[in-house]
Amino acid sequence: MTARPNTGPAIRVQGLEKSYGELKVLRGVDFDVAPGSIFALLGSNGAGKTTVVRILATLLKADAGTASVNGFDVATQPSDVRELISLTGQFAAVDEILSGRENLVLIAKLRHLKDPGAIADDLLRRFSLTDAGARRVSTYSGGMRRRLDIAMSLIGNPPVIFLDEPTTGLDPEARLEVWETVKGLAGRGTSVLLTTQTLDEAEQLADRIAILHQGRIIVNGTLAELKQLLPPAEVEYVEKQPTLEDVFLAVVGSKK
Amino acid sequence: MATQFFGDTAVLTGRTLRHVTRSVDTIITTAIMPIALMLMFVYVFGGAIDTGSTKYINYMLPGILLITIASGISYTAFRLFMDMTSGIFERFQSMPIARSGVLWAHVLTSMVANVISLVIVVGVAFLMGFRSGAGVPAWLGVAGILLLFTLALTWIAVIPGLSAGSVEGASVFSYPLIFLPFLSSAFVPTATMPGPVRWFAENQPVTSIVNTIRNLFTEQPVGNDIWIALAWCAGILVVAYGFALVTYRRKIA
């Protein structure tokens, strides 16, 4: 890998534009992600979050603007960028026909690492999948699949990880598991770009939050800064009804 | 770079080969239709078809082998389509690997899966009385032409595999390919067909390939047919490969 001291941001996006025919998905997106931080891109369905991630992951070319990862331009130096990143897409990109362990070994081999088997066993342990390791992924639950998916993304310790809606479609318990995993990543110095539809998730995980709306970043700041933009909180006393999620977690007796 | 390409392609091919060995039904499905056709033609229709001194099963096996390949490659398109929709294709494309290795892995797997199916079909043909006095060079010639035909058809299969919108769409393209041998010299001598049909049958790729394989099996001179057959295979291969790459570039930046 090219050794180049990177003092700038882990991810820098400037003036990014992308259209599909008449439809302008991105109309000039700018943001920076500081090294070792978790940055959440918050937006509703169709806001363009996945398009940003696909451009950064060298899967899609932008119409205008630049994007770089650790100083490497995604358009002109894509193979350098691929050395640095790992993508966890919107749908768990795992091989259903292989076992969990085989999936991990496969990625370790493709990253040309020594002793893929040991790497796989270590990750199975860290993601509580050891018992399921030999089973075909088609028998896994949604949460297990997502955990395996994220474990596959960590192989080779890429310094920058993209997580595209990592908890969409997961039940509350599985979501908490994924959150714990993501928090752990940033603790090890990995830079994470996370997309999500829920403010709750951004609030739980992110150091900075940007809201992507109609192809533009309309707000970008820390949670505290974002909260200042809201109308001042009024103090009201209301009986707090438990949410379905509270009930669910209480009934199933989650660890959290 | 080249060693990385071969290493990565080998790892990825190992993966797709496991898909084949773990769903043996795809091999059986591929082999069963040509075998059923063979049973029907040999034991039902064959008696009414005059193929001169050649035993009917010896006459029609080459066509059956081409049908086997045509139905086998629909699974190539299917496997590629599943990779596209599951997101694992994009995962590989965002990794620091030789990117084209992902396509080549599917192509190599297609070759292996088709060879297995062909061996099964030829085995059944032997049980049904197929015999050939052909020597090793002739058998190698048959194998070479079948492999080239498989490679050409596999690259056709890559196109719908990459671009189809549904599972059905990914495999429907193979139906006309399966049907093509019926409009050739594969089952009935072309001389018995009416004018326009005969013209089509004599000038489409399957006839020259079938005639070449048949002549190799029956130890007859292959004449010009082998060059026409090779030209067709090479032509289809080049055009399909070109379109497959265009489709690939359109899908992945």
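Along the chain as shown, residues are numbered 1 onward.
Cβ coordinates come from backbone N, Cα and C, glycine included.
Just so you know, TrEMBL annotations are computer predictions that nobody has curated.
Sequence-distant contacts of the transmembrane segment (B:24-45), counting only residues of its own chain at least 6 positions beyond either end whose CB sits under 8 Å from a CB of the stretch, comprise 56-57, 60-61, 64-65, 67-68, 71-72, 75, 113-114, 116-117, 120-121, 124-125, 128, 178, 187. Look at TrEMBL and you will find B:24-45 (among others) tagged as transmembrane segment.
Taken from TrEMBL, the feature domain 'ABC transmembrane type-2' applies to B:25-251.
Nonlocal intrachain contacts for the transmembrane segment (B:57-81), taken as residues 6+ away from its ends with a CB within less than 8 angstroms of a stretch CB, comprise 16, 19, 26, 29-31, 33-34, 37-38, 41-42, 46, 51, 103, 106-107, 109-110, 113-114, 117-118, 121-122, 125, 128-132, 146, 149-150, 153-154, 156-158, 160-162, 164, 167, 170-171, 173-174, 177-178, 180-181, 184-187, 206, 209-210, 213-214, 217-218. Positions annotated as transmembrane segment by TrEMBL: B:57-81 (among others).
Sequence-distant contacts of the transmembrane segment (B:102-130), counting only residues of its own chain at least 6 positions beyond either end whose CB sits under 8 Å from a CB of the stretch, comprise 9, 12-13, 15-17, 19-20, 26-27, 30-31, 34-35, 38-39, 42, 55, 57-58, 61, 64-65, 68-69, 72-73, 75-76, 79-80, 83, 89, 92-93, 146-147, 150-151, 154-155, 157-158, 161, 244, 248. Look at TrEMBL and you will find B:102-130 (among others) tagged as transmembrane segment.
Taken from TrEMBL, the feature transmembrane segment applies to B:136-158 (among others).
Below 8 angstroms of C-beta separation, residues 33, 41, 45, 49, 60, 62-64, 66-67, 70-71, 73-75, 77-78, 80-81, 153, 156-157, 159-161, 164, 197, 200-202, 204-207, 210-211 of the same chain, each at least six residues beyond the ends of the transmembrane segment (B:170-188), sit close to that stretch. According to TrEMBL, the transmembrane segment annotation covers B:170-188 (among others).
As annotated by TrEMBL, transmembrane segment applies to B:226-248 (among others). Counting same-chain residues at least six beyond the ends of the transmembrane segment (B:226-248), those with a Cβ under 8 angstroms from any Cβ of the stretch are 103, 141, 145, 148-149, 151-153, 155-156, 158-159, 162-163, 205, 208-209, 211-212.
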